[in-house]
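Student: Straight from TrEMBL, here's the annotation block:
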- CYS93: active site (ACT_SITE)
- CYS93: active site, proton donor (ACT_SITE)
- CYS250: active site, proton acceptor (ACT_SITE)
- ASN20, ASN84, GLY94, ASN95, ASN178, ASN215, GLU241, ARG242, GLY251, THR252: substrate binding site (BINDING)
Amino acid sequence: MTSFGVLTGRPLVTGHGTENDFLLLPDPDGAVDPSAAEVATACDRHAGIGADGLIRVVRSDALPDGSAALAADPAAEWFMDYRNADGSVAEMCGNGVRVFVHYLRESGLADLPDGGTIVVGTRGGPRRVTRVGEQYTVDMGTWWLPSGEGAARDGHDVVVEIPGIDGPRGGLSLAVPNPHTVVALPDEAALATARLSHDPADAPRYTPVPPDGTNLELVVPLGEQVDGGHTVGAVRMRVLERGVGETRSCGTGTCAAALAVRIWGGAGSPDTWRVLVPGGEVRVQVEGDRVHLTGPAELTADVTLRG
Ligand SMILES: N[C@@H](CCC[C@H](N)C(=O)O)C(=O)O
């Protein structure tokens, strides 16, 4: 008999950002702290509602991680308590934070006029989210190369064996601030043949093994175009998310993908990137050691779990 534990009977809201989908748990006062097993069951696509992750919408002053966010930025009234579909926590979710802010706006918990900005607490630090019509631009903060600048010179710091792809490939590790490994493939046919799963018998293998696990982005650079007088790069991406499986989009992953392709492109590589994912398209803007992500957010249903 399936048990959703503390989630039973709680009003939940479903939503997605470029089809990276989430269960939102409104819990302003921090009264409901689901266990990893309860999150995993609710996110199971057969035994539960199904989602790539669960996001608790909670006031920052109601939990310890939120207090740290408030100390970093007193404007961070709300905290995105993000859990992967397997119940594990992650530092940041680039698609989720847009859906989070869209929910705050739609439910009247925050006033966000067009052009307005709100600060959201996350485990990766406070994030400023600006509404631009029906799109949201997230200041994703600083990014870095965990292996140091030498990795940028070499272009890779990890070897990845990917089921469905011939031979081992060089990958580049990036922190956004959650861990990502980006691997370039020669064309879209190769991208289509990759098998992306956490099944131990068919999972990618990394040398060295990433200490905190990793999200894996497979990318195919699509070239550059001039848009409004600016050069814009384009890249197609598939992603295997840590703690989830293959998803139709990953916001932090699109940032990692754009950053890696930009590094591989060398001097003169664009700062603005269109990243095409199975669930749609987002835009990534690099400003030195900071990165911004722009994309849509939607709410889809109000749901309640039965016992
Ligand atoms: N889908 C998210 C990333 C969620 C966290 C990730 N699976 C991890 O464990 O690091 C995004 O949109 O960024």
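Cβ coordinates are placed from backbone N, Cα and C, and glycine is handled just like the others.
Curation plays no part in TrEMBL annotations; they are all automatic predictions.
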Student: In whole Å, how far does the CA atom of CYS250 (active site, proton acceptor) lie from that of the residue listed as 'active site'?
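Tutor: Approximately 8 Å lies between the Cα of CYS250 (active site, proton acceptor) and that of the residue listed as 'active site'.
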Student: CYS250 (active site, proton acceptor) has how many other Cβ neighbours within 10 Å of its own Cβ?
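Tutor: Step by step: centre on the Cβ of CYS250 (active site, proton acceptor), count other Cβ atoms within 10 Å, giving 36.
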Student: Using a 10 Å radius around each Cβ and all protein chains in view, which of these binding-site residues has the most neighbours: ASN20, ASN178?
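Tutor: Answer returned by the neighbour count: ASN20.
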Student: C-alpha of GLY251 (substrate binding site) to C-alpha of CYS93 (active site): distance in Å?
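Tutor: Computed Cα spacing between GLY251 (substrate binding site) and CYS93 (active site) is 6 Å.
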Student: With DSSP assignments reduced to helix, strand and coil, which class does GLU241 (substrate binding site) get?
Tutor: strand
Student: For GLY94 (substrate binding site), what residues in its own chain, 6 or more apart in sequence, show a Cβ-Cβ distance under 8 Å?
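Tutor: Residues satisfying the criterion: GLY17, VAL138, MET140, VAL176, CYS250, GLY251, THR252, GLY253, THR254, CYS255, LEU293.
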Student: To the nearest whole angstrom, what is the C-alpha distance linking GLU241 (substrate binding site) and the residue listed as 'active site'?
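Tutor: About 11 Å separates the two Cα atoms.
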Student: How long is the line from the C-alpha of ASN20 (substrate binding site) to the C-alpha of CYS93 (active site), rounded to the nearest angstrom?
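Tutor: Cα to Cα, ASN20 (substrate binding site) and CYS93 (active site) are separated by 10 Å.
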Student: Going along the chain, which residues six or more apart from CYS93 (active site) have their CB under 8 A from its CB?
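Tutor: Sequence-distant Cβ neighbours: GLY53, ILE55, MET80, TYR82, THR122, GLY251, THR252.
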Student: From the centroid of the CB atoms of ASN20, ASN84, GLY94, ASN95, ASN178, ASN215, GLU241, ARG242, GLY251, THR252, the recorded substrate site, which same-chain residues not already listed sit within 8 A by their CB, in sequence order?
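Tutor: Other same-chain residues with Cβ inside the cutoff are ALA90, MET92, CYS93, GLY96, VAL239, VAL244, THR247, CYS250, GLY253.
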Student: With DSSP assignments reduced to helix, strand and coil, which class does ASN20 (substrate binding site) get?
Tutor: strand
